[in-house]
Amino acid sequence: MRTVILGVIGSDAHVVGITILERAFEAAGFNVVNLGVQSSQSEFIDAADEHDAEAILVSSLYGHAEQDCQGFQEQINEAGLDVTTYIGGNLAVGQDSFEETRETFKALGFDRVFDSETDPEEAIEALKADLGHRSREEASSEKIQLGS
């Protein structure tokens with residue numbers, strides 16, 4: 001079973017969205033480690049390492065995700081993790097267009113960026129596609145080769 005880390009980053013305390021996501025991803029066959037709300041970057045990274053996760057799913061609804069996610073990809077790389085990263089929610093205050101917001105978070109290193117109106121099934125299908133290109137054994141063997 002593939003493991004994903006899920007949580008709400010920064011000072012955001014919105015819990016309903018991640019509860020819905022947790023149930024949807026579990027129903028789709030994923031092992032979900034839910035960090036809950038007000039999670040730090042290091043909590044996501046430590047959990048991904050501890051649970052040998054293949055993906056980190058970040059939620060944020062209070063509009064300050066850009067500040068909360070500065071340097072996140074760099075910390076993931078420094079930890080030597082090979083994970084797919086998604087972020088979704090109401091990511092910016094007064095955003096002009098979601099395309100601009102998407103580009104901002106892609107530049108921060110996120111593989112996919114979703115708005116707050118995204119159906120969980122869309123994210124699940126995207127993650128299955130993104131993880132489906134390689135088996136878990138291939139991912140583990142790549143990790144071993146990189147670490148040696």
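Here the Cβ of each residue, glycine as well, is placed from N, Cα and C on the backbone.
In TrEMBL this protein carries:
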type     : residues                                                        : note
DOMAIN   : 1-134                                                           : domain 'B12-binding'
BINDING  : S11, D12, A13, H14, V15, S59, S60, L61, N90, L91, A92, V93, G94 : adenosylcob(III)alamin binding site
COMPBIAS : 128-141                                                         : compositional bias 'Basic and acidic residues'
REGION   : 128-148                                                         : region 'Disordered'
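If you count neighbouring Cβ atoms within 10 Å for each of the binding-site residues S11, S60, N90, the highest count belongs to S60. For the domain 'B12-binding' (1-134), the model's average pLDDT works out to 96. In the three-state DSSP reading, G94 (adenosylcob(III)alamin binding site) counts as coil. Fewest other C-beta atoms within 10 angstroms, among the binding-site residues A13, V15, A92, are seen around A13.
Around G94 (adenosylcob(III)alamin binding site), taking its Cβ as the centre, 5 other Cβ atoms fall within 10 Å, counting all chains.
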